[in-house]
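Peer 1: Once you've had a glance at the structure underneath, I'll fire off some questions.
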Amino acid sequence: MPSRKFADGEVVMGRWPGSVLYYEVQVTSYDDVAHLYTVKYKDGTELALKESDIRSQSSFKHRKSQSSSSSPSRRSSSRSRSRSRSPGRPAKGRRRSASQSREHKDDKKKTIQETSLALAVLVLFKPSENNTKRYNGEPESTEKNDTSCIILEQKLKPDLEIKRVLEQYSLRSRKDDKKTEEIFSEKKTFVAVKPIEKVPSKTKELEFGGRIGTFMLIFLLPATVFYLLLMCKQDDPSLLNFPPLPALESLWEWRVFGIFLLWFFLQAVFYLLPIGKVVEGLPLSNGRKLQYRINGFYAFILTAAAIGVLLYFQFELHYLYDHFMQFAVSAAAFSLALSIYLYVRSLKAPEEELAPGGNSGYFIYDFFTGHELNPRIGSFDLKYFCELRPGLIGWVIINLAMLLAEMKIHNLSMPSLAMILVNSFQLLYVVDALWNEEAVLTTMDITHDGFGFMLAFGDLVWVPFVYSLQAFYLVGHPTTVTWPAAAAITVLNCVGYYIFRSANSQKNNFRRNPADPKLANLKFIPTATGKGLLVTGWWGFVRHPNYLGDIIMALAWSLPCGFNHILPYFYVIYFICLLVHREARDEHHCKQKYGLAWERYCQRVPYRIFPYIY
């Protein structure tokens with residue numbers, strides 16, 4: 001095993017990935033397996049560099065002292081030169097000394113090289129790619145637009161003329177010219193240099209309470225789902241009225257489990273259909289981009305057609321309501337089996353395919369958070385499929401089953417106004433998610449979290465059986481809603497939806513194409529990673545406006561259930577806690593990723609979710 005050259009805490013010069021520019025960095029750690037140094041730049045950016053990309057400060061000082069003195073070959077060549085005056089020489093009466101001439105030419109040479117490097121950076125980091133033009137994250141102005149590159153190019157044009165003149169009347173020997181050309185050709189190659197591949201290191205900071213917290217959540221989450229469903233069956237679903245536990249044999253039925261499997265694999269078949277466009281996700285740690293087929297909305301249309309056929313042939317969809325607890329148990333058992341499979345297969349996954357947040361080395365923690373980032377069977381992406389298909393579409397089917405069950409149990413010719421509001425609001429939410437399916441590729445679930453028990457249980461059990469809690473509650477506890485109240489609740493939901501959708505669209509469009517003319521009015525803070533932090537629009541109002549819209553909609557979904565019990569408001573209470581916790585995770589990751597730029601963003605946008613409150 002090769003010994004490390006630089007110690008932790010040592011201040012060295014680190015090469016910025018993909019360039020020949022070196023900056024002062026501090027070594028923070030060393031990975032013995034990947035042989036990579038983790039270094040920290042002055043702006044707070046942390047990167048993993050190879051030992052060949054790091055040099056000591058003394059080597060740079062030594063080179064500087066050498067360049068300032070003339071070489072022996074240069075002195076000998078100057079003696080052998082013709083004494084006749086060349087076009088590039090000054091007149092005899094105003095001729096400068098040799099040292100002054102060399103200093104002047106060295107300054108010109110330095111200016112030319114800096115100008116050429118600046119132009120190369122300009123070519124590499126175009127405005128359409130939303131990069132900073134400054135490697136260390138310290139831009140001259142904190143807000144940028146596309147005209148800055150044009151101004152820079154105009155400023156550099158005079159330097160190009162100087163370079164042309166000096167090349168034409170150079171007094172250097174051909175040997176020095178050849179050496180300079182070799183050095184400069186090496187500097188030009190950095191435009192095509194492939195960035196270094198970052199190998200995921202061990203997860204050091206554990207979330208969700210670490211090993212103990214994740215172990216408890218594996219049991220607490222299913223227990224919470226079953227408790228909520230049992231409470232909704234109670235005549236008095238108050239918190240103090242704990243429901244009786246059902247017999248274990250009544251919780252399982254193979255026919256129900258077979259129907260759940262049929263539903264899951266039907267959605268898998270819809271996912272594999274060659275319809276819809278294929279897009280690329282965000283770059284992985286090794287620079288590779290995975291491809292995803294966007295056909296969730298088509299799967300929803302096909303599912304709706306299949307349900308319509310079943311209803312036409314008088315299939316009793318309220319069967320789902322009668323066996324709701326058994327369906328929940330079947331989904332929980334399937335998600336547990338899927339999680340075990342995911343962890344076992346992740347043990348053979350390459351190091352570069354492991355999740356940044358689920359590579360701790362602790363079995364329970366990695367099992368819960370997910371050890372592998374993007375587990376796939378061929379082109380079938382398991383995490384991406386479960387994110388929107390079985391659970392989210394299943395949520396709409398469950399709501400429809402509750403609506404039909406309410407009409408049958410209470411002998412209604414049409415569903416209640418409260419049930420219509422709940423179904424309509426949540427149908428809009430699901431259709432919007434499927435219509436904008438491509439936006440999920442930029443979420444933390446896809447880019448950071450692995451696919452383990454947390455997401456498997458959340459997608460297949462928590463979403464369909466907890467998010468439909470309001471509709472399930474209204475079946476056994478009908479609530480009368482007046483038309484003025486219904487109108488006010490509808491307006492509230494529309495406001496929340498408008499904030500949620502416009503904020504997400506603004507963010508996704510900016511990430512996909514920051515040079516879009518429609519986004520010309522948006523200002524942003526450039527970062528050392530090449531991405532920008534929006535400081536205008538919704539993202540200049542609060543740091544997470546999409547979370548604000550989500551919470552407003554969650555409240556609108558609960559209000560049709562009345563105020564007799566707090567149970568239907570569990571969703572909005574849970575959702576506030578979830579989004580506050582997720583915002584804290586985002587805050588931590590963004591601070592590590594963007595460094596000083598994130599601190600500037602927080603100063604510009606002080607409120608996290610709720611304006612003037614939090």
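From the backbone N, Cα and C atoms, a Cβ is placed for every residue, glycine too.
Curation plays no part in TrEMBL annotations; they are all automatic predictions.
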Peer 1: Looking at 15-36, 411-432, 521-542, which one does TrEMBL call transmembrane segment?
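Peer 2: Range annotated as transmembrane segment by TrEMBL: 521-542.
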Peer 1: To what whole number does the mean pLDDT across the domain 'Tudor' (4-62) round?
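Peer 2: Per the prediction, mean pLDDT sits at 80 for the domain 'Tudor' (4-62).
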Peer 1: Can you work out whether the transmembrane segment (294-313) touches the transmembrane segment (325-344), with the criterion being 3+ CB pairs under 8 Å where the paired residues are 6 or more apart along the chain?
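Peer 2: They are not in contact.
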Peer 1: Below 8 Å between Cβ atoms, which of the listed ranges 212-231, 251-273, 325-344, 481-500, 562-581 makes the most pairs with the transmembrane segment (455-475)?
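Peer 2: By Cβ pairs under 8 Å, 325-344 leads among 212-231, 251-273, 325-344, 481-500, 562-581.
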Peer 1: Counting Cβ pairs under 8 Å that are 6 or more apart in sequence, does the total for the transmembrane segment (325-344) and the transmembrane segment (562-581) reach three or more?
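Peer 2: Between the transmembrane segment (562-581) and the transmembrane segment (325-344), which are separate recorded stretches, there is no contact, as judged by 3 or more close Cβ pairs.
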Peer 1: For the transmembrane segment (251-273), could you work out the same-chain residues 6 or more beyond its ends whose Cβ comes under 8 Å from its Cβ atoms?
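Peer 2: Those are 293, 295, 298-299, 302-303, 306, 323, 325-327, 329-331, 333-334, 380, 385, 389-390, 393-394, 460, in sequence order.
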Peer 1: For the domain 'Tudor' (4-62), what are the DSSP-based totals of helix, strand and coil residues?
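Peer 2: The domain 'Tudor' (4-62) comes out at 9 helix, 27 strand, 23 coil.
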